[in-house]
Amino acid sequence: MQQAELIERIKELKIKRNAVILAHYYSRPEVQDIADFVGDSLGLSQEAVRQTADVIVFCGVHFMGESAAILCPDKTVLLPEIDATCPMADMVDIEGLRREKEKHPNAVVVCYVNSSAAIKAESYICCTSANAVEVVNSLEAEKVIFVPDKNLAAYVESRTDKKIIPWEGHCPTHHQILREDVLKMKEKHPEAKFIAHPECRPEVLELADHIASTRGMIMYAKNSPAKEFIIGTECGLLHGLHKAAPEKKYYCVSEFACCPSMKMVNLEKVLVSLEKVQHVVTVPYNVRTRAKEALDRMLAVKIR
């Protein structure tokens, strides 16, 4: 089936199923283009709650579909590629987290949304890269166990007076962006501003002109007087940047900054998920209710 036919069929089935398509900025360009809403993790969570559709097709990795299912238990959430998992989410386990909580009984667990529903259920509050600092600063506790990303934990620690106890996880895609990569690109494009995602290594963030979530990076590039930008995150964001400010130039900091899991979802899989209503995301009730409390606490935090 040609791409134009795929798109038309997807549109027909969206109407038939009363479905909405949500996609992360790291998705394939053609998937972003057929989505009703494209955003970062915080924006996608907020949009899922706002939706009145019966079916949510979530073009992303498994934890994203789980979050939508937790927040919208009355909706059918479909994940076009059920094997699209997040390596970082798999770096934290329940038993290990429980041991850490026992070691630090006065600490509050802040869970980055890039984690499983079970880990969210073991946490007090969730956060995204867009609101992590505000979430941590909203807490009364002075100690925070931050899971699973040590790089985001380090970024938050540099912007709070709280004691951060980091979990030893990381995003492989962001972690392999090196300081040397940035310096080479800066030498090649001396007029370009370097904007970076807080999942990057601390030594990479030290070189950044601006640090933000994916949506924050788009807004910065759009509103900045600069005309060129080196992008320190997954390469899929370039599509959103070009759409937001097509007159500007963008350079991916590394050719290796590509998440294989996020690229697993394609138009064919979106179509099949709508045709067969397959890969429905389910979360056990006892996990869902506790995880929802952590997500709801996050959504209640006001950000700048």
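Keep in mind that glycine also has a Cβ here, set from the backbone N, Cα and C atoms.
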Can you tell which of His24, His62, His104 Swiss-Prot lists as binding iminosuccinate with Ser41, Tyr112, Val113, Asn114, Ser129, His197, Pro198, Glu199, Thr214?
His24
Cys171, Cys259 bind [4Fe-4S] cluster according to Swiss-Prot; which of Cys72, Cys86, Cys111 goes with them?
Cys86
Residues His24, Ser41, Tyr112, Val113, Asn114, Ser129, His197, Pro198, Glu199, Thr214 [recorded iminosuccinate binders]: greatest CA to CA distance in Å:
17
[4Fe-4S] cluster site, defined by Cys86, Cys171, Cys259: further same-chain residues with Cβ within 8 Å of the Cβ centre:
Val61, Pro87, Met88, Ala89, Asn114, Pro172, Thr173, His174, Glu234, Ser261, Met262
Who sits close to His197 (iminosuccinate binding site): which same-chain residues at least 6 apart have their Cβ under 8 Å from its Cβ?
Ser129, His174, Ile211, Ala212, Ser213, Thr214, Met217, Gly232, Thr233, Glu234
Cβ-Cβ under 8 Å from His24 (iminosuccinate binding site), same chain, 6 or more residues apart: which ones?
Val38, Gly39, Asp40, Ser41, Leu44, Cys59, Gly60, Val61, Met64, Thr214, Gly236, Met262
